[in-house]
Amino acid sequence: MKIHEYQGKELFRAAGVPVLEGHMVTTPEEAAAAYEKLGGKIAVVKAQIHAGGRGKGNIIDNPDQKGVVLCKSAEEAKAAAAGLLGKKLVTIQTGPEGQTVGKVFVEAGCDIARELYLGIVVDRVSCKPVLMVSTEGGVEIEKVAEETPELIHKEGFDPAIGLEPFQVRKICKKLGIEGAAAKSAFKFMTAMCRFFIDYDCSLAEINPLVITGSGEMIALDAKITFDENAMFRHKDLESLRDLSEEEESEIRAGKAGLSYVKLDGNIACLVNGAGLAMSTMDIIKYHGGEPANFLDVGGGANAAQVTEAFRILLSDKNCKGVLVNIFGGIARCTTIASALIEASKEVGFTVPLVVRLEGTEVEEGRKMLEESDVDVITAVDLTDAAKKIVAATA
Amino acid sequence: MSILVDKNTKVICQGITGNAGKFHAMGCRDYGTQLVGGVTPGKGGQDVEGMPVFDTVEEAVQQTGADATMIFVPPPFTADAILEAVDAGIRIIAAITEGVPVIDMVRVYEKVKASGSILIGPNCPGLITPGECKIGIMPGYIHTPGKIGVMSRSGTLTYEAVWQTSSLKLGQSTCVGLGGDPIVGTNYIDLFKLYQEDDQTEAILMIGEIGGSAEEEAAAYVKEHVTKPVAAFIAGRTAPPGKRMGHAGAIISGGKGTAEEKVAALEDAGIVVAPSPAEMGEAVLKAIKQA
């Protein structure tokens, strides 16, 4: 689960990770008032979307309107907010269609002496959380990792203990952080690693992380992703979820206990198991088609879930055909077949439907489909299924 | 021979009184697995379909001589259940549960590695030595005893591969579902070592997917240490970046973990990579012929 920068910073403040004062607003007038409230000479107006690269990104059809704007008056703050709110911001992470800006964050300015990058992830190779700090703040970390990986300093840590003091000293030495800034860095990095563990993050990124003229380390950004699997112990975080940032059909699928990702093609697929679902997309493409989605109905799918899955697939206006690929293990082919028959009565198929069944209770399942009045094109194996759906939708 | 489990393996089920635990424990017993009991804290002394239930794993091991366990407890309690099995000296721990927090697995991973136990999963279908011992949720009847070692990060895709190798009369030595999470107890390399030394295994099929770099690491290992024929398939060539494809671990992030990179690394190591999921069995045949 992703959250907005302003939400991340509220959590940071409570966890002792230094941030600047700021206010989240939803209208240009409020942005002007927030500027006055901050009382400084400069403030920064920042678009709040769940994607990085906002500073370099711009509003669609308005290349001059960047996602992050430095303002020197209440009027400028108001104008910046007006230029962003309700419009689509395109960044390197949003894709060409962009993401609508519903909120902006008006934050106090500060005296920046250095810009750094800080990130924490769970490293899959060492199987540990790893703190990464780089001198290359403010730029895309992916680029740094690609071109100059030696500039990223990494320290793995034990989740029960957190970052050890010597690890902070190593990082400071490598980055040339001394004196007051080193003290501030110790407090900052220790608190940040604690935060990552306490909140079950899967990603925490601060870019830029700054050191001020007086040697204070401050988070100017907060990009946080929580581990969905750990949400059961963070019920309070649920209220931070912003559904307007998520694809509507994906929210709907989530509610039905389905794992669904919308894609741009026109052949919808319904599969049991994540690996097989991905492979079904792959084989559609391999035979010249374009998959419209990833959909895993899971092992214990019941009729209601499968019916809802069909509704979601058919509500995609690009959908020209549906491929059902089931390898029955726990999920029985008969369950899927009867759900399919139920769903067709309720939803009504207007596009070609190719079904490939294999595994537990396959003969009975196939027979049920044959005897029903659902218009099904049956396939004997994966290749046959892919070829038939591609032909039927061509 | 085979790897990890065989007809002598004595298995318990942690979470045997739950619906899923009971259903699959009985499925394993019906297959022929030596199921010797189960564990559910607070329900010791009960009986599930003739199987004794114990309060602790330690007790179950003392009374039954179990050396393997399959874990079906809910995600909030899975880490604890794994650690309890490690503490009791269980040799093979298969954690089937999906949805375990990754930080829990960081803690568990260290302890498992420091012990003599082998953890398979979590978020996996389990493992099976056809005709001898099934520990997990896979449909037993698609498997046939034979000579291919199959390992995979996915469940149903493994069934597909097993089906194809069974149809080609190759059969399987032992099939292992590694699990779809970012941190799992056993990886490809651990199993390559075992398959390489196993007499029954004549060729190895590894099924990977997008996300992480386990396949690339495995490819490098195969190049140096594996002399048996190896075939592979990578799922997710059409997966978009930044989206979690069902499995918590199946995500392309920061441009890393793409299918293209993995396929290139595998081919570079001389592994036959199936271009489509329908050709996994054929890829194994090709690898055997090339050798």
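Positions of Cβ are set from backbone N, Cα and C atoms, glycine also.
All TrEMBL annotations are machine predictions without curation.
Not measured: the values here are computed from a predicted model.
Per TrEMBL, CoA is bound by B:Thr17, B:Gly18, B:Asn19, B:Ala20, B:Ile96, B:Thr97, B:Glu98; the candidate from B:Lys43, B:Lys134, B:Lys147, B:Lys169 named for the same site is B:Lys43. Within the set of binding-site residues (B:Ala20, B:Ile96), the lowest number of other Cβ atoms found within 10 Å of a Cβ is recorded at B:Ala20.
Contact with chain A, taken as any Cβ pair under 8 Å, is found for the recorded positions B:Tyr159, B:His247 out of B:Thr17, B:Lys43, B:Thr97, B:Tyr159, B:His247. Assigned with DSSP, the residues of the domain 'CoA-binding' (B:4-100) fall into helix, strand and coil as follows: 34 helix, 25 strand, 38 coil. The two recorded residues B:Thr97 (CoA binding site) and B:His247 (active site, tele-phosphohistidine intermediate) have their Cα atoms spaced 12 Å from each other. Secondary structure from DSSP puts B:His247 (active site, tele-phosphohistidine intermediate) in coil. When the Cα atoms are compared, B:Tyr159 (substrate binding site) and B:Thr17 (CoA binding site) turn out to be 27 Å apart. Most other Cβ atoms within 10 A: among the binding-site residues B:Thr17, B:Asn19, B:Thr97, that distinction falls to B:Thr97. Of all residue pairs in the CoA-binding list (B:Thr17, B:Gly18, B:Asn19, B:Ala20, B:Lys43, B:Ile96, B:Thr97, B:Glu98), the one with the greatest Cα separation is 23 Å apart.
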